[in-house]
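Quick look at what TrEMBL annotates:
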DOMAIN    20-122  domain 'DUF7032'
REGION    121-140  region 'Disordered'
COMPBIAS  127-140  compositional bias 'Basic and acidic residues'
DOMAIN    148-348  domain 'U-box'
REPEAT    184-228  repeat 'ARM'
Amino acid sequence: MKSPEDPTSDVTEEDDLLRCRRLLSSLSASVPSVQSFKGKWSLIHSKLDILTVHLSDLDGPDSSHPLSSDLLRRLSQTLSDALSLSLSPAVGRLRTRSDLDSLSAALDRLASDADLLLKSGVLRDPPPSDHRRSDGREAVRSEARTIVTRLQIGTTESRALALDSLLGLMSADDKNVMIVAAQGAASVLVRLIDSSSASPETREKAVSAITKISTVDSCKHVLIAEGVILLNHLVRALDPGGSSAARRDACVALRSLSLSRDNARAIGGRGGVSGLLDIARSGTPSSQAVAAAVLKNLAAVPEVRQNLVDEDCVPVLVGLVNSGTAEARENSIGCLCNLASDEGDQEIKLLIVRSGGIDCVRDYWDAAPSPSDRCLEPAAALVRNLSMYKYVAEIVVSAGKDEAGVYGAVQLLDASIVAVDKRYPIAILGAVSESRRCRKQMVAAGGCGYLRRLAEMEVDSAKRLLEALEKGKLWGVFPRA
């Protein structure tokens, strides 16, 4: 039977704190007598002093908290191994050096865990068994604080389990997500992704948690505050080697973050475009739609547009308009619209047309359930932007020989259809108004009546287009650039 004085003797679970103190005392007494690697042992001795202070802070009720108990058990095992090493060094200098380096790193982690645990405030929260008797939101806040703390301490396996708990808590409702974000989860998740010890599965789950935060508008600012480090990890998650779910999650997070011009520039300049286009080209239908939304946000920033063109994005987007889901088609047209928004950039407009942009928009237009469908607005805006280039406007005139296209544009002039900005159909019809055939089609479709109402509402250019239709003027409808 082991004597009570033996620092390595068995003790009950509630004596973890006492056991650690005994081990610390024995190890501190043993270190000065070690003859080899005195420098390393001296460094270890300084770490023992830090741990002694932390143990004093954990004294009392705090030591019975589950997180404290886990920390004390890990510390007890490490101190026991250290004491054995001080009394009986491993055979061979290389082996001993390696053991001492590992011991020093382990003590650093334990000291850091103890410091974080004491500062987190989680030890002052009621135990989980009391949560059901407390206020619902306060119970969630306490649980979130505990989980976020668990994500930062302990073993790799325990952090992975904490991540599962975090995802479960956030899946309940958006209010839980807000509480989790308020506890600093975003920064912790970014550090977890950045950790060299994190497994690919853990990184994917951390990205999923970040994605959940990004879907709550009031929480987006905490992700934006993480800056380039987070963006780099999300862009890396777009790589083809990742799972489909992880790539989609990264797209969802980037969709929110790319609304910031600075973030959009960072994403466009760090390899994000190629990853997004790969997903738009061959990802799952839902992933394609979200990737196209991110590309649309990037294309809204002038400095990023050339990167998109250089990566050959136009054929990919046109293909997605032709074959993607409704959301993917709308986002792709929105991206093309943003690419063509620079009035002076004629090359991109011509590239879109030569890639089949006019035909795909016409098919998209014809497939709309009704002229009042809001999804037609980006299509109308795209045609307007393309028509700023005279050569393209002539192509639009040629396409306008299809009466259905002109008729559809005229119907969008109806003031009762509030889903579409009237400037878009007016710009489209203005672009083809130099064609006599198109003007006749506009009049036959009831364009004059719609335009009178819009002119009364003082909608830009409505009066000039109305005059052109009523008086037969072929010029002066819109000022030339």
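Glycine too: its Cβ is placed from the backbone N, Cα and C atoms.
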_Counting only residues 6 or more past its boundaries, what in the same chain has a CB within less than 8 Å of a CB in the repeat 'ARM' (184-228)?_
144, 148, 151-152, 156, 159-160, 163-164, 166-167, 170-171, 174, 177-178, 234, 237, 242-243, 245-246, 249-250, 252-253, 255-257, 260, 263, 266
*Sort the residues of the domain 'DUF7032' (20-122) into helix, strand and coil with DSSP and give the three counts.*
90 helix, 0 strand, 13 coil
*Helix, strand, coil residue numbers for the repeat 'ARM' (184-228) per DSSP?*
35 helix, 0 strand, 10 coil
